[in-house]
């Protein structure tokens, strides 16, 4: 047990780690997307910061050139501002310039001892802006000035020297961000790959240990679709705000960054639940729609309009209350000091305060009575009756519940009766199978005796033959009853003459009828009464009923068998006087193994009437029994064949 618990904890920790890994990958992706500019080649050289540095330097050089071109005297040329500007340009270790005025042929440069400009650019330049070929649109201003003054030459950004300048600090900063982003890409890909692998593995092979996912999904299913969408947008909005402020990979790592990471992990878990729910319900859009607020409101409105009297009452009360309230508010505003208006308002409030609470308490009391009644019924007290003293819908509801209780009580009684009959059936079938089998075993033992006479042996063999046939009949009846119950019995429906089948059945028992003390009165309305039936199965029904008459009828009594038509029905009626007291109802006699003689002295299986009734009903007919004192009456109906 302890090992199993540890295993569950390990799987849970593994799942949490996988979600956090995907969260880390998500944050890395967000950071990379937010700073993707830094991944470009020569990101700093192509930046606005670099552009401003170059343009500012060119402007300073241009001002210096202009001051040198001035016609003022030498002293004015070397005024204080000019001196300062020269200092700024000469102290700037990031740039060099070489500019030639094509009009005058004069060269302006801060490169000392220059012999080969191209060699200098090749060795020293980090970036070279050729003033004769400015293709970068960022430097349109410089291009315009160069063309206006007819300049040629180069603005050169020098490689990093021994001293650190702002330009190179910016350059290094851009490169450091690029390096960090590359690491984030690697971390993100690895985190995402490992996280996805772990989640897929756990969901496929360890899902039983992650029951909280199914529980969460079940709760999620109960949330209306509209709230899910709102929740998703809230998450997206927060994530959108977060993406501008997530610096998970910057140092030092602070607790607030872990909190933000946890929120992203929660969002990942939410998306996972959404995904699993979508996969589970992708073919069940109706179920999702039925869980929406819109659908429930539609259903509530539709249900409320089903009973129009209720919705009319509610609407009338609502509109009346609101309308009168508005009238009184307007009246108070218009007639602020009118005593009559004040009196009317107070009267309304008084009537409202009396009628509405009384009505509410009365309905609440009725609801409580209904709840109490249903609780009693749930507890098993089916004799409890709910007071129906209410003229409204609650009274009707109480009446319906009472009727349901009566039906349920009847069903329970029927179930109890069914259980009792089932118990009797087991007892009866055991008895009916055991009796002939015991006789067979006993007589076989007797036959094994060597001192038996031939006469005794023949008697025993006859008894064995009788008992074995009895057992065979019983087993065949059992099989037939089983086939009928399972619906596997096959019927050969064809056009048959019911009168002819009845005559054949009576003919089968001719000798027994003649040898009995019973007086059979057979009345057939006419010949040629046709119906679509299975001839053999119908003959079996008649055979069973006539056999029962011979077994259970009182001696020296009369038996009436009638065949007549009534409308589109053929009616077969068999009546006899029972030799036994019939202290059972007509429903019980159709139960299997139910016998008319409780002593079970006759050779019947107790299945005959049950089989006969099933055969008749399978052919679309009906079979009923009427008991009146000792009179036993069977009525069979079949639909006649259309002429």
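Glycine residues also receive a Cβ, built from the backbone N, Cα and C atoms like all the rest.
Annotation comment: TrEMBL describes 12-33, 185-203, 223-239, 259-279, 316-335, 341-361 as transmembrane segment. Annotated domain 'HAMP' per TrEMBL: 367-413, in sequence order. Residues annotated as domain 'Histidine kinase' in TrEMBL: 428-625.
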Tertiary contacts of the transmembrane segment (259-279) (same chain, 6+ residues out, Cβ under 8 Å): 16, 19-20, 22-24, 26-27, 199, 203, 213, 216-217, 220-221, 228, 231-232, 235, 238-239, 242, 245-246, 248
Tertiary contacts of the transmembrane segment (223-239), as residues 6+ beyond its ends and Cβ separation under 8 Å: 263-264, 267, 270, 274, 288-289, 291-294, 296
Same-chain residues near the transmembrane segment (185-203), Cβ under 8 Å, at least 6 residues beyond its ends: 11, 14-15, 17-22, 24-25, 28-29, 32, 210, 213, 249, 272, 276
Average model confidence [pLDDT] within the domain 'HAMP' (367-413): 78
DSSP-derived helix, strand and coil totals, residue by residue, for the domain 'HAMP' (367-413): 33 helix, 0 strand, 14 coil
